[in-house]
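Swiss-Prot annotations:
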type    : residues         : note
BINDING : D109, E173       : Mg(2+) 1 binding site
REGION  : 109-113          : region 'Aspartate-rich domain'
BINDING : N234, S238, E242 : Mg(2+) 2 binding site
BINDING : D248             : Mg(2+) 3 binding site
Amino acid sequence: MVELNDVPGEEEFPRATYLETMVRLLDTVSYNDENFTDEERVECLKYAYGKAAEHFAQPHVQETLKVPPKRMAAALKTIVGMCVYSWCRVSKEVMADLSIHYTYTLLLDDSREEPAGTMATWYEDLLNARPQAHGWWRLVNDFIPNVLRHYGGYCQMNMVRSTIDFFQGCWIEQHNFKGFRGSSDYPGFLRRINGLGHCVGSSIWPIELVDEEEHFLEITTAIAQMENWMVWTNDLFSFYKEYFAERDQTSLVNNYVECEGITLDQALDKLCKDTIRSSEEIIQVFHDKDPKMYEILTRFIQGYITWHLCDDRYRLVEVYEAAGDDPVAQKFKKYAESARRVGAIDPARYCVPSVTELCEREMAKQSAGRSWDFGLGKIANKISSVAQ
């Protein structure tokens, strides 16, 4: 495994530039999340979390993933929030299945496991319907039909292909490679394959909402636009937490710096301009298309931003608390407060029972089963001895 890079210090963080870039994006999309009432949001969170927690508490899933309960709980809470807040017009069943699929991707993204030793027969095993050598692929292949059933064939193919791309992107990240100087195509290449943009862009359109053939051209365009918008927005809002995370030093912004020889402020500005341009294009392209599709996209944008501003993973409350009193900082604070009014939901309202509790119950069942089997074995031995 390649050594991870040093993490920069707090004093080096470009706080003023970062606040300005976030505010510029929030202004561009006219951020104001009205996707749910409080009761609706909690109801959807509770349903999706419950279904996903049951899935990940299964003994064979736990044994294969070997993820500590605390990390599993954090990952599940994060992804359920993303799927509910962003996919606000789909059924609760779709939210739940997407929550499970994207939790698998988050767990892989946070993993440090080197996959090379288990991937030599990946395609051969897939072609011959043999179990994959890599445990993550065994679980994902087993579950993904539950997700795909909600979509038409075109979106299904995009989602599967994008998931494969994502795995390869995580594989590259295991090498902590920011790219060679002068390779200006590398940062975008890596971000496209590890961003799940096509999977997300396709999964916005389940057949319960949209006829795939009727809206084929709009769906294709939306996938093309969301490929960049979704990952660039994520890069912008996750920049703070990734800046201080040892595992996340191969971020898009850092890769721009390494490959193009520009400063961190210049790289942030580049990301901001690209994200704003993408946001403007989505609005301009779809505002005169089918009203339902425009509404789905704009509500996705609002919810996706709310999720980032509220989820503990992104630590943006720290940025909020450290923001000063200048006009840009004050504007960011107002946006953050607006997001938290609708999106900062106490986990006790929906993480019940928690995935940790469900895992403990399953372990207790297994332990009781082993004790029962052992007791029966002792009785059988005694009977056998008496019979002799």
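Numbers here mean position along the shown chain, with the first residue as 1.
Cβ from N, Cα, C; glycine included.
Locations of recorded Swiss-Prot features on the structure.
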residue: D109; record: Mg(2+) 1 binding site; contacts (Cβ under 8 Å, 6+ apart): C170, N194
residue: E173; record: Mg(2+) 1 binding site; contacts (Cβ under 8 Å, 6+ apart): L190, N194, T250
residue: N234; record: Mg(2+) 2 binding site; contacts (Cβ under 8 Å, 6+ apart): G195, H308
Neighbouring C-beta atoms (10 Å sphere around the C-beta of S238 (Mg(2+) 2 binding site)): 21
The region 'Aspartate-rich domain' (109-113), counted residue by residue under DSSP: helix, strand, coil: 1 helix, 0 strand, 4 coil
Reported mean pLDDT - the region 'Aspartate-rich domain' (109-113): 87
